[in-house]
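Visitor: First the structure, which I've put down as structure tokens, then a few questions once you've had a look.
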Amino acid sequence: MAVSWRSWLANEGVKHLCLFIWLSMNVLLFWKTFLLYNQGPEYHYLHQMLGLGLCLSRASASVLNLNCSLILLPMCRTLLAYLRGSQKVPSRRTRRLLDKSRTFHITCGVTICIFSGVHVAAHLVNALNFSVNYSEDFVELNAARYRDEDPRKLLFTTVPGLTGVCMVVVLFLMITASTYAIRVSNYDIFWYTHNLFFVFYMLLTLHVSGGLLKYQTNLDTHPPGCISLNRTSSQNISLPEYFSEHFHEPFPEGFSKPEEFTQNTFVKICMEEPRFQANFPQTWLWISGPLCLYCAERLYRYIRSNKPVTIISVISHPSDVMEIRMVKENFKARPGQYITLHCPSVSALENHPFTLTMCPTETKATFGVHLKIVGDWTERFRDLLLPPSSQDSEILPFIQSRNYPKLYIDGPFGSPFEESLNYEVSLCVAGGIGVTPFASILNTLLDDWKPYKLRRLYFIWVCRDIQSFRWFADLLCMLHNKFWQENRPDYVNIQLYLSQTDGIQKIIGEKYHALNSRLFIGRPRWKLLFDEIAKYNRGKTVGVFCCGPNSLSKTLHKLSNQINSYGTRFEYNKESFS
């Protein structure tokens, strides 16, 4: 099927434009710095000593400076949530670009890893060249103390060398702990190692303070490559006759007077010895702004989250899912947002993100989250909240005398699903536990749907286990009945796809009778579904929202970009829970 350029531009255009701008900045900065150290007269003698290693080390350092500053901006999540919710970003296309913050953070991280490798390799060559090409003429320019000094001493006895080695170790730990396998199997390792970025930035500011690389300051009196008369006489070097010949005044008419340091048209004579000075550290100029912004946000988030919530109830659902309902004074959130949970009794430092499945409203202050019990943290958290005897039961009623552990929340933070209520037509597709981001949206519609732009919602939930359906079966039934009573049966189109057939009638036949006709066995036929939605919403823009496995996401993303004969445009939005 052909790609719709209209849909492609809506889904990919701004993203690729920003990627092009970012790439251009990196290429321009790399090339400009490379040329400066390769051809700049102030680095003439240093380039003679170090060669290509100097150019590559400095060019890669400039790219590292840029990306070490940019990588912090996507992590200012409170700022991004404010921009999304305020009128500062009125364009929906621009707001959707904020959803790529995590991808941009990863892209900058990968770039830092690649150019760190280039930077390290170039400086290893520089350390060798400092030793081999020790300059007897310009001793001030040397980093080595004598010719053929062991290059390893430069790596482990100088500030730039030692901090560089430490940064490589920190970066290696952060890279390996950021892989998908470790994030899923042991999130604790990812969390602890990622917080080493504070150490990384401290080392980075120290790294540039060593002053090993120097530039020439007196280019006007000592042009690079000039001949020093003092050096030639002290070394018993005689200049050729035409070198020692002086111009006589007055100069012939039509000829300009040569520069003071010029003796003839063939050679320039130095007026003084070259003077060198260490480069002014520029890294702090790059990172100070974003780092201060991030630290200010972390401080604000710490103050905002230092008061524990009040747990109202804990509900145990089938398939290892737990629901927590709580209240907190002055807490406000929008449907689709998420929060982070911090329980000191489980871990003193760990915070874990969970999508809000119930948001506070004007009439009720209760909000809640659903947790899938996967990993050490959620298992320990469940054991604290639920006694072993009640973990298999459906509901644990709230008991006033029960002592729950202290629980702190941070947020709310923005997500792509906030836009689902801003389309006239939205298609929400969930895979398994990926249904949680849509629960708050469904709860909001159940409370009051009229203030929002949304007029038709297609809700598709693909699940392997019939027990998982019970997480939100009551909510779906109430929503279905509400719109039938208000004579709006076409407002919400619910389709549930389950692969397990055993016991379906037993579980949903009586209690959830309204959903019987909404239940299908197998997987959705996505192409037919998109064609049907396009047909019934001709010429409209449909927001597509997906939270589930990557295979599901890729399928919907591809279909959203394909052309259709009804003039319908699909704008794709994705949330990942891994």
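Residue numbers in this text run from 1 along the chain shown.
Backbone N, Cα and C atoms are what each Cβ position is placed from, and that goes for glycine too.
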Visitor: Which residue, chosen from Asn67, Asn133, is annotated N-linked glycosylation site in Swiss-Prot?
Guide: Asn133
Visitor: Quick check on Phe459 and Tyr43: does Swiss-Prot annotate them with the same topological domain, i.e. the same side of the membrane?
Guide: no
Visitor: Out of Asn230, Asn236, which one does Swiss-Prot list as N-linked glycosylation site?
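Guide: Checked Swiss-Prot: the N-linked glycosylation site annotation sits on Asn230.
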Visitor: Could you tell me what the rest of the chain brings near the topological domain 'Extracellular' (125-154), counting residues at least six beyond its ends with Cβ under 8 Å?
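Guide: For the topological domain 'Extracellular' (125-154), the list is 45-46, 48-54, 57, 161, 212, 214, 231, 274-276.
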Visitor: So which of 63-83, 155-175, 189-209, 425-445 has the most C-beta pairs under 8 Å when paired with the transmembrane segment (17-37)?
Guide: 63-83
Visitor: Which residues of the same chain, at least 6 past either end of the topological domain 'Extracellular' (38-62), have a Cβ under 8 Å from a Cβ in it?
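Guide: Residues packing against the topological domain 'Extracellular' (38-62) from afar: 29-32, 115-116, 118-119, 121-123, 125-126, 129-130, 133, 135, 138, 141-142, 213-217, 219, 223-225, 274, 276, 283.
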Visitor: Please list the DSSP helix, strand and coil residue counts for the topological domain 'Cytoplasmic' (446-578).
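Guide: Helix/strand/coil tally for the topological domain 'Cytoplasmic' (446-578): 54 helix, 33 strand, 46 coil.
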Visitor: Using a Cβ-Cβ cut-off of under 8 Å, list the residues of the same chain that are 6+ residues beyond the ends of the topological domain 'Cytoplasmic' (176-188) and lie near it.
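Guide: Apart from its flanks, the topological domain 'Cytoplasmic' (176-188) reaches 109, 194, 347, 350, 352, 375-377, 578.
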Visitor: Restricting attention to the topological domain 'Cytoplasmic' (176-188), give the mean pLDDT.
Guide: 83
